[in-house]
Structures are given as structure tokens and as C-alpha cells.
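Colleague: Feature list, courtesy of Swiss-Prot:
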BINDING   19, 20, 21, 22, 23, 24, 136, 137, 138, 139  GTP binding site
DOMAIN    7-189  domain 'tr-type G'
């Protein structure tokens, strides 16, 4: 009976470029198999977060179990694992794929193959998954299914002549997709007699059950009461509940090899159940864990401060709660002279950073100031010490530094061939090194570049979109460190360094960047009763200056005619007063000032 059950099980995930209709297709599959009633049906069922629905993106992996009855009466259990499509969440995608045997590759019939289609598809091929191409949005007048089929065959090299042509929006031909899954996705392998091995492909914190681990059982059996051990952290727990997803939790008495489900074991800390870790039995552990586990490493750092200093504790609580559900978020307290107490937070990428900031503001109702994002630099000092720096204010004195290294990414950009020149110019301006380019078809090109990560984290994506009228798509992965000539650029207001505005920039750009930021600050800092010099400095050398003029009262209004010396006396008196004010006056830096710097090119 058990083997029979395994024969009728299929584990698959859906991969696609952003906006090619992945979550909508998942909705239709849930609907077609009757997993959810009409009443429970809503758009993007698997995207549970408000933000996910609003932005139309998938952030966390989710899972659902579909029961599909074929026309011959046979019942199949299809486990769908929904994956995020954005490049920041690449690791989550790779863990979700490791839990499957097959992947549906959704391609938009109007747009064809895009950068993330390729990136996610190669990820799936790395995991030896069977790929089932599905062409979506064929109800649109601009759909060109035959060309897209050829493109899939030429570029990715998988057969697509019999790919289902569907419209996830209208529900057209959804049954073909279910048939293709049953036909093409392999039966899960795994030995129920062997020691337990379960891959965690996602985990989240539930305030009643503790940490809930989403798992794919590779070998063995797990049931409530089993003593389990996490192989990366060596922590041991007793299982309290096992079950499956009908998107909502449904307890079962056990999970066997080949199943996808969840395990709870009164775990208090998400860190103990890292995504990608292997669960095994404490009394009969597996010899080695499943491969591919790596702790989530933040790539981008930024300071987050409460606008109202008294709300520091609330911000700390908010970050603690978000951390429960997001193992990739890291934070530590820091203080800034300009902004008071706050936290230095690490993120997977820019989208991840935006989402966390937005969730703090929305879910916890806090006003926050965020500083310019920065990456991790390696600094080698003359005394042989090596420092990793995420905050420009911690950079040692330039005289102590032997050399500095910055992280570099390998970026693949797919663009219509008309815009190749503009894309290459953008990459060169961002200190990119050309690798190669190849034509996918006569009208589209893949361009590969090595680009320093700190050039990408500001506005690279926006500029790429505007230079290509929104047609280009980008995918990048970290590619190690390389030596660079970098300096710390400080901004001074009224002679004081504003630490939150400091940044690390390439030496040859320091002057232009300093000048541009000074001009920008001049626009956003409100005028005071005394004049404020805004200076950009590298070390002790001032490289640019702007002045915010003082507001002044017309002290000569009451002199009609009269002697010049009388007027001079009044003006001198005013000047003295302004000078005194300037010595004791402090400058408030508005939130816009921090944000405007990000947009300076």
C-alpha cells in the first residue's frame, strides 16, 4: 500500500520570471483539483502576507497538497511548493527545488524568456529536476506561443513542442498542466526503512506551536513522539505534530519518505531550524546530512533608526518579531551622533531591505529613518589585521590601510538588441568589466558583466529599466572580492561630521559624488536663522562646499536716510548675533536628506 501511495505522489514546484503568472497558475491548480472551495478562493492564495498580495510578488516559500483524480479514476497526490521569483531570494528557491522532483517552467507567451526564467531554470537543472514547460497568457492578443516554444528549445534546450498552452487568468487548459505533471514528473524515491532524513525548505514562527518546519521527507518515517535532531546545529527536540498542507495545516499521524508536510516540536528559535538543514532521528541518526545547506548571508547593510528616539525598544521588538520569520535578517544595535540609537541591519538584497522597512512601518506602526545601504568591505591593515566593515563610520584611518577589497557580482542582463549600446554604457559607468554576450534570437541578447555590488545596490535596476524602456531583465550572483581604490566620503554640516551620511566610494568618483550630494543637501535642508556650510570631505581635505543662506531680518528698515555709520553699526550687530547663533546652533537633518542621497548619481 505504501509503495502504491508513493507511486501516486508527485512533488513539483513552479518557477518563472517575475510577473509571468506563477502565483495565478498556482491558484488555478488549487481550484481545478478542488483543494479549496469557491468560498475560500481568493487571488494569490499562497501569498499570505499583505505585502505579497499588494506588490504581486512571492516572498516566502509556501506549499499545498493537491489531490487530482484522473479520468481513469486513479487518484494522485501532487505536492506543490511555491517559490519566490526574485533574485534576492535565490537561496530559498534552491531549497524549495531540492524538495521536488520536477518543476513547471512558466513562460509568458507575450514576453518569452527573461533573465530570471533562465536563472531559475538553471537552478532547477542543477538539482536534476524534470522540467515541464508551460506557456501562459495565451489569451492575450500579443501572444506568440510558437515562437516562445522555439525559444525554449533553442535557449534552454528542453523539448517544448507539446508544452501546454494555458491562460492562468481564465483557467484555459489547466487540466493539461495537471496531466503533464503526472506524466512527466518522476515518482519520489526514498527508503522508508532507512534512518530519517528530512530537508527543511522553509520554516516560520507560530505563536502557539513554536517554529513550524516545512519539510520534504527523503528517507524514513516521522511521527509525533519521535526524538529528532537538527544536523547543522545538533539541537534535539521531540516532535509534537506532523501534518500536510491543504494550504492550511491538516494534522496527520505520520509523514513517510516522499511526503511533503510540516513538523512542529516546540522549537523556540528559528535559528535552530535553518532553511536547508537536515532533520534526522536522535536515536538513529543519518550518516551525513543532505547537501546544499548554507546559512543565509546578508549582502547589503543599512542603519534603521526610530524617528522618535523613545521608540527604540519598540523597534527592537519589531526586529525580533520579524527575525522569527526571516532567518536571513540580521541586526545589531548601533549609535549615531546624528540619529541617536538604532540598529545596523543586514539584508539579502535591496528588495529584501525594502520589504523589511515597509513591514516595520506597516505591521508595527513605527516611523523609521534608514541610512544609505552599504556592502561588506574587506580591509587589510598594515599590521596584518583584516577587518570586515559594513558601516562606513568604522573605517580605520587611511594611513593604517594596506589595501581594500569590495564584493563583485556577475550580472546577466537580457535586453532587446536595440538597447545593447545603452546597457553596455550603463555597465561601464558602473565600473563593470565585460565578460561576454550572446544572441538568444535575432532581437534579444544576453550580456554578462562583472559589476561591483555597491554600484548595483543604489539605483542600477531603475536605471537599467529606464534605459531599455522597461524591457531588460537582470539576474546577479556574488562572485567574490576584488581589490579597489576606495575612500570614505564624509559630509559636514556646520563643521560637524554627520556620521549617518558617510559612505565609501571609489577614489576617482569622490569629487563628483561629494559635489552632487552637497548640492542635493542644499535643496532639502531647511533654512535656519544662521548660514550653514555643507562640506564634503575625504580625510581632512574638503573637496566641495555649498552654503544654505540664513534667513535675515531687514534691520535697516527703520533708518530713513541717515548716516552710513549708523547702518553699518546695525549690520555689524546683526552679524555678531548670527555668529553667536551659529556657534551654539544645531542643524536638524530631515529624513528626505538621507533618502535623497540614494538617488544621487
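The count begins at 1 with the first shown residue.
A Cβ is built for glycine as well, from the same backbone N, Cα and C atoms used for every other residue.
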Colleague: How would DSSP class residue 23 (GTP binding site) in three states?
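Modeller: The residue in question, residue 23 (GTP binding site), is helix (DSSP, three-state).
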Colleague: So among the binding-site residues 23, 136, who's got the most Cβ atoms within 10 Å?
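Modeller: Going through 23, 136 one by one, the largest Cβ count within 10 Å is at 136.
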Colleague: Can you give the largest Cα to Cα distance in Å, as a whole number, for the residues 19, 20, 21, 22, 23, 24, 136, 137, 138, 139 that bind GTP in the record?
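Modeller: Answer in Å: the longest Cα-Cα distance is 17.
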Colleague: Inside 10 Å of the Cβ of residue 21 (GTP binding site), count up the other Cβ atoms and send me the figure.
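Modeller: So the number of other Cβ atoms within 10 Å of residue 21 (GTP binding site) is 23.
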Colleague: So for residue 19 (GTP binding site), how many other CB atoms are inside 10 Å of its CB?
Modeller: 16
Colleague: If I restrict to non-local contacts, at least six residues apart, and a C-beta distance under 8 angstroms, what lies near residue 138 (GTP binding site) in its own chain?
Modeller: 109, 145, 165, 166, 167, 172
Colleague: Could you please provide the mean pLDDT value for the domain 'tr-type G' (7-189)?
Modeller: 75
